[in-house]
Each structure stands twice: as C-alpha cells, then as structure tokens.
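S.K.: Can you keep this structure in mind? I'll have questions shortly.
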Amino acid sequence: FSSGLTAMEKKLAEYKCNTNEAIQLKLVRFPEDLEDDNTTFNPEYSHQVFGDDEIAFGYKGLKILLYYIAGNLSTFFRIEYTSKVNEKFDCVEADDVESKIREIIPPGFCTNTDDFVSLLEKEVNFKPFGMLLHTYSIHNEEAGEDITYQIYKADMTCPGFREYHERLQTFLMWFIETASFIDVDDERWNYFLVFEKYNKDGATLFATVGYMTVYNYYVYPDKTRPRVSQMLILPPFQGEGHGAQLLETVHRYYMSSPTVLDITAEDPSENYVKLRDFVLVKLCQDLLCFSPVKLMQGFSQEMVTEAQQKLKINKQHTRRVYEILRLRATNMGDAEQSRSYRLDIKRRLIGPYKKKQRELAKMRRCLRPEEMTNQLNQIDLNMQREQLEESFQQLVSDYRRVLERLAQA
C-alpha cells in the first residue's frame, strides 16, 4: 500500500509547475515579437496570486501567456499545457489557473492571436496621457543610437487613462513583493508615466517603460506631503537609469509647488533607497549648505531647511545626503578625519540602542540585583559595539556605491 502511495505521489508531483516560470510576459511592438523568445520575461513573484509556494497544480508543461501591446497595454491571455490531471482517474482537481489570473487582469482581453495582431495595427494611434514633464535620451549599445524617453503626469480625467492604468497595475503583482491595487477614485493620487519613443514603418510610436504613483497627504493647515507609493520600471528597461530620471522629475515637479512641504515614501524597498540616495545627493550636491567646509562642521539645521525649502527633501533623507556627501569630502586615509566621520555616524546609529538600553535598565531594576545588571550591560555593550561596527561598515559600502554612480553620471 505504502509503495503504491509513493507511486501516486510521484505521478502527482509531475503535475506541479512553478508559476514564476509558467507565466510568460511580453511587451509586443511587432507581430514577430510573438514568436521571439528574446522578448519574453518572467515574474519575480507570483505568491500573491498562487500562494506562498508559487506552484500551480494539475498541469504538465503549463504556460500562462500574458502578452501586452507595448504602448496601450491591450492584453492577450491564454493558458497552454501538454496534459492535465483527470478527475475521474486521479480523484484530484487541477487548480483553476484561469480564474486566478482573471482576478487581476481587467476584462476585455484577447484570447486569440489574430485579434491581438489586428489591435497591434491600431497602436499607431496611441499617445501618452497627461502633461509632458521631461524628455531625455539614453544611448543604446544594441541599437547603436540614442533612444528618446518622455515622462508624463496623468490623472483619472485623461480619456482612456483609467482603463490603461487597470492594465498597467497588473505588473505590480509580478514585480513588487507586497503589491496592492490603489483606490483610483481618490483624487489625491498623482500618476507619473515613462514612455519610450520608437519608430515603426516611418511613424513614431510610444512604449510603456514604467510608472510611479504618489499620494498627496494633507498637512495642517495648508500644505501637502506627497508620498511615493509604488514605483515600477518594467524588466526589459531595468538598469538603464529610468528610475533615477523618474524620481528626479517627480521631485522637480513638486519643487515648483509652494504648498508642498516635502516628499516621503511608503515602506521603501532596499533598491528604492539606493535609487533615492543617488537622486537626492545629485540634487543636493550644489547647495551652499553642503560645501565641503560646512560638511566637516557636522549636520546642521541649515541643511535641513535649505533641502526642504528648495528641493522638498525631508529631514531624515537630508541626514543621509549629508552623510554621503561628507564621506566624499573626507579623506578616510587620514586617521583624524576618518575617526571623526565614524563617530558622527555611530552617534546617529546608537540612538535607538540607547533608548532600548534605558528601557531594559528600568525593567531590570525591578527584577534583579545590582551586580547582575552590570554584567548584563557589559555583554550588551560588547554586542552593541559589534552590531554598530557592522551597521557602520554596511552604510559606508552603500554610500560608496552611490558616490561611484554619481561620479559616472
């Protein structure tokens, strides 16, 4: 009996597919892209749709095809597989993959290639939504030419934007670990979109590159504090510098507004923090309050005020900018300069530790004799020193990366 079970288990195991591999995404510009494997990319995450193990059960050779027209993101959706478990024989049911995908993609998608290709011909009519904020170009090695990109600010009053945004936001599920769809009826959302201009049969077309959503929080009595909520550069365009262009453009957009206090971010990822460090340091490096002489005198209220008033940067981020620029101005080979820098950073890092230390001491006074407290504090201090040193080294290496990128910019 038990050996029979394992045979059955083995058989069923063949019907498990990793959904990150099964889902095949494409951004289609030309009909031949449909057959070209080089245009395919896969999700980084699918746990929000398929559960933590990111497995679909019941199929062999499962392919979940989600193809999008590059500009307006009209969608083609089809499921393919070589075989499916049969309920009658195996007494098990295959996962309903189709309804899981239908939950996150809006209705009105194509299910056959001919319809999709005929939509592709209409793509020449697609134009970006909203107001043009910024145009930039990046040299593309492969194409051997400069490619032009544009950043637009859109809102739900733009005709067709609501439907387009519904299609665009499905990508969040595949590339942001804790993605959620936003309430688009709330008018305090701003949308910033990046497009690439490309040529097709002598016409200029636009392809979607990525986007950012920003929520305008009200601050008493008459200000707002924009908070970056989601930001995604689509995988085919990652690593080309679009994130930095987008974030800088958004800062510049809000900089011109007297009612904006400063810009924050919701639950930022590690990659977003690196990006923000780079962009903010780039913006701040020419401010007078960040001159080498002033950096060496330490973090000041003047830095906080100037960065906030001129560039809408909040206090916490200004402090990071100061630490990065001060590292650039510091000769770390000089014992005195490097010691002074290390102390300055560690003094900030130790803040939360000290608070915890005070709380622990309070607790222990009630619980334990004096000498024990001292011993424990000693152990804590040694651990704390190690952790501090580790945090410091990590920060410095992150900061150096920002400075290297800055030097190449």
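Glycine is no exception: its Cβ is also placed from the backbone N, Cα and C atoms.
Grabbed the feature section from TrEMBL, which reads as follows:
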- 15-177: domain 'Histone acetyl transferase HAT1 N-terminal' (DOMAIN)
- Trp189: site 'Interaction with histone H4 N-terminus' (SITE)
- Glu266: active site, proton donor/acceptor (ACT_SITE)
- 276-327: domain 'Histone acetyltransferase type B catalytic subunit C-terminal' (DOMAIN)
S.K.: Taking the domain 'Histone acetyltransferase type B catalytic subunit C-terminal' (276-327) alone, what is its mean pLDDT?
M.R.: 96
S.K.: Distance check, please: Cα of Glu266 (active site, proton donor/acceptor) against Cα of Trp189 (site 'Interaction with histone H4 N-terminus'), rounded to an integer number of angstrom.
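M.R.: Rounded to the nearest whole number, the Cα-Cα distance is 14 Å.
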S.K.: Sequence gap of 6 or more, Cβ distance under 8 Å: name the residues on the same chain that satisfy this around Trp189 (site 'Interaction with histone H4 N-terminus'), in order along the sequence.
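M.R.: Residues satisfying the criterion: Asp155, Met156, Ile182, Asp183, Thr213, Val214, Tyr215, Asn216.
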S.K.: Do you know the DSSP helix, strand and coil residue counts for the domain 'Histone acetyltransferase type B catalytic subunit C-terminal' (276-327)?
M.R.: 41 helix, 1 strand, 10 coil
S.K.: Would you count the other C-beta atoms found within 10 angstroms of the C-beta of Glu266 (active site, proton donor/acceptor) for me?
M.R.: 11
